[in-house]
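Encoded as structure tokens, the structure appears first; notes follow it.
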Amino acid sequence: LLQHHGGARVDIYEKLPVPFGLVRFGVAPDHPEVKNVINAFTQTARSERCAYYGNVTVGKDVTVAELRQAYHAVVLSYGAEDNRVLGIPGENLSGVYSARAFVGWYNGLPENRDLKPDLSCETALILGHGNVALDVARILLSPLHLLRKTDITDSSLAALACSKVKRVWLVGRRGPLQVAFTIKELREMINLPGARPVLNPADFTGLENAIKDAPRPRKRLTELMIKTALEKPGEKTMEVQAVAAQAAAPREWGLKFQRSPQEVLPTTDGRRARGIRMALTHLEGSGDSAKAVPTGDVEELECGLVLSSIGYRSRPLDPAVPFDTQRGVIPNSSGRVEGVPGLYCSGWVKRGPTGVIITTMNDSFDTAQSVLEDLRVGVLDVSASREGFGAVESILGSRGVRPVSFSDWEKIDAAEVARGKAAGKPREKIVDPQEMLQLIGR
């Protein structure tokens, strides 16, 4: 918007004192290159036509209706901060967590900082075959010396240092052709030092034929799984020592297919997870639209830690905003919220929780185009000026809310980087919002 319209002014409201959302709290700590997008965000935030107001919860501290009165256009891009539930017995037992909360815990998301996951078992089971599931598996099995150099939080590093987990199963309802993770993440997992991939060759028979006409990314991904499943130690072109080291790897992980969770099984005292019962499935249809249908057979698997990674959900933010609870999105067309002129949406709340950072970037450019077009054709009436933050500031003041500015964030940032430097890390995240506010003199 700033680039394509010389007169546009943009104010950003954020619930937490710190900016960058999913890049800070969702991207894995051992993927620092993905976080480079923060540099572009910072350039934007430093523009004199852009302002950042952190520590403001829209829908509570200020309503969407109040924002719409203060601005010509309001864009909602608050993502999907809930997870889909399994809806099975035993889901609430101790030892069962959502992958979302687990990621929030090791990434320092304030609401998950006290998660204290129990890592005292040997076998963990992750439900889901997406990149988040692979991230979680990788963090559980990564050698500590690799994690120590990242911005993973201090307390989660300490917990992982005492972890007894040495086997991780990633379980999906459908087959190898329906996995949602990408080749980069799979390759990284296969090459993880000290961890051995366990793939059953029987899961991949006949797939070479099935992927002849598949799109290239799907084809390459499947070929990598087949190659990994069929490779015997000794057939590898690596040196003998390396093969022996991999075969004797202290940790292992594997993919299980066509299994749908039915129940998390409790320990005898009924308090903790000791395993999971899964329905075996067969696939009806093919490709991405294939459906998993239970065969009637079941299988039990022992595990003391269950992480559910079956997708994210957006929440309705404010009663004034239309919301499709079925699909978990704000009904819209090209980012224009249905029936509410001047209100827009972008990201996962616009089209559902799929895709990577580049998908979401392109999606936000699409919404920005809609705003610019509406300005051009006069759907947005800018003849009367709007007060913008001036109006919101007095509303927030009357409710005792003090926003955090971008220069306030830069003080928090500097403190985190200094603490990290002392520990040989890129940063040590502050996980308590109160501590962040004290640091900037609140």
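Residue positions begin at 1 at the first shown residue.
Each Cβ is built from the backbone N, Cα and C atoms, and glycine gets one as well.
Feature list (source: TrEMBL):
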- E14, L22, V58, W348, G355, V356, I357: FAD binding site (BINDING)
- H129, G130, N131, V132, R173, R174, E185, G355: NADP(+) binding site (BINDING)
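There are 24 other Cβ atoms within 10 Å of the Cβ belonging to W348 (FAD binding site). In this structure, the binding-site residues under consideration are G130, G355, and the one with the smallest number of other Cβ atoms within 10 Å of its Cβ is G355. For the NADP(+) site listed in the record, the two most distant Cα atoms among H129, G130, N131, V132, R173, R174, E185, G355 lie 20 Å apart. Each of the binding-site residues L22, V58, V132, V356, I357 was scored by the number of other CB atoms within 10 A of its CB, and the lowest score belongs to V356. Per Cα geometry, G130 is the residue among the binding-site residues H129, G130, R173, R174 nearest to G355 (FAD binding site).
Checking each of the binding-site residues E14, L22, V58, W348 against E185 (NADP(+) binding site) by C-alpha distance, the shortest gap belongs to L22. The Cβ of R174 (NADP(+) binding site) lies under 8 Å from the Cβ of H129, F257, Q258, T281, L283, A290, A292, each of these being in the same chain and 6 or more residues away along the sequence.
There are 20 other CB atoms within 10 A of the CB of E14 (FAD binding site), with all protein chains counted. Checked against V58 (FAD binding site), the binding-site residues G130, N131, V132, R173 differ in C-alpha distance, with V132 being the nearest. All protein chains considered, the CB of R173 (NADP(+) binding site) has 23 other CB atoms within 10 Å.
Recorded residues L22 (FAD binding site) and G130 (NADP(+) binding site) have their alpha carbons 16 Å apart, per Cα-Cα distance.
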